[in-house]
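To start, the structure under review is shown below, and the notes come after it.
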């Protein structure tokens, strides 16, 4: 069930883009402005609208922490704004001066990508706010961009119909003709998926275009295999160009234009809802990270806010696993998002009232929950403390570098049952068995033929991993 709960009608021209943080919604328009709204009651923030661009604003995006907002424009610039007070932090000029059509932050906020009408794509260093790398697509305007959740690569889409995969050093890794009449948007799901039981985990990407189609793709990114882009299926149902698409945070739903699709029910997907309240083309759509909200923007100058009943994961997942923001550096909004993700949304108001940020969260004790926050229920106190302890353990596992010899070369994950293959290298047993069962009889490390498919348990390595894990838990 999806319900229209609010309509924003403050822009005086077409709405080009909308983006959520854990506490705000930003929209931008042909009217040269960016507007920022609170998710509490959808009122515009005091510093909104943001003005500075001299021509139409095509795209806007929040940094993973939500502390910074970027916007890009026909005026050839990408502007960076402080979301606390609306201050302009930087004006990043596209080297060619070409109109900038799309901008995106990397998951850890290290970089900002800006793509322009002349096909130029710039990787900006967000610490220095200087140009880091510059590249070009081979043809057409650059109109779409999406980062992988781990930040190892990003994908751009062009008006000539190509999808191009780049690594974080701005090297072009792969190019695919995806939409005959031009790509309009692309998005990568935050949830990794397995494909056919072969032991690999893929990133799922959606792309849409002027050909009225939405296509789903699987991307495998591995150091020893390079990049593999596999076409999965086409989702039909649109009778006009599809200008926008976005995954929900749990990866179960995809919104494309005015349609919401459940992409897990069958390989071709089925339409759950059609949102028909806009009177002109839907140009942008986005799911909120911390609440069951969806925003759609249109050429009719409005932004509609929709609420759906299906439970969505919160931005806490994004904060913990994707943005790589240290917990002690979390803002109060990040803590609120984490509470939502842990089914503790009832405490958001209490924690905000007491100004609990990441550092304060980690210092909470049974006594402070009882005496300072006045949480009377023993069961609720225990649940909060349990979740905080789990968070501390995750911090330990993230902050500690796992020795490379303990990682499976195929999955790049800590091995639980290491085996030695005929090439002399050790692999996770299940991953290597899947590799062989997929009719690959060459070494994952050397690509040379395996003279034997026998796998020998590496008990010495397994014991070393166990000892190492014990030291990390002390």
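FYI, residue positions are counted from 1 along the chain as it appears here.
Cβ from N, Cα, C; glycine included.
What TrEMBL records for 50-91 (among others) is repeat 'WD'. According to DSSP, the repeat 'WD' (50-91) comprises 0 helix, 23 strand, 19 coil.
Sequence-distant contacts of the repeat 'WD' (93-134) (same chain, at least 6 residues past either end, Cβ-Cβ under 8 Å): 55, 58-65, 68, 70-78, 80, 140-151, 154, 156, 158, 166, 168-170, 322-325. Sequence annotations record features per position, and here TrEMBL assigns repeat 'WD' to 93-134 (among others).
Residues or ranges marked as repeat 'WD' by TrEMBL: 146-167 (among others). Across the repeat 'WD' (146-167), mean pLDDT in this model comes to 92.
Helix, strand and coil counts under DSSP for the repeat 'WD' (275-309) come to 0 helix, 18 strand, 17 coil. Residues annotated as repeat 'WD' in TrEMBL: 275-309 (among others).
Look at TrEMBL and you will find 330-394 tagged as domain 'SAM'.
Per TrEMBL, domain 'U-box' is recorded for 401-474.
Counting same-chain residues at least six beyond the ends of the repeat 'WD' (50-91), those with a Cβ under 8 angstroms from any Cβ of the stretch are 13, 16-24, 26-36, 97-105, 107-109, 112, 114, 116, 124, 126, 129, 318-319, 322-323, 325, 329-331, 333-334. Residues 1-9, 11-23, 25, 27, 29, 39, 42, 240-241, 243-249, 253, 255-260, 315-316, 318, 336-337, 340 of the same chain lie 6 or more positions beyond the ends of the repeat 'WD' (275-309) yet place their CB under 8 Å from a CB of it.
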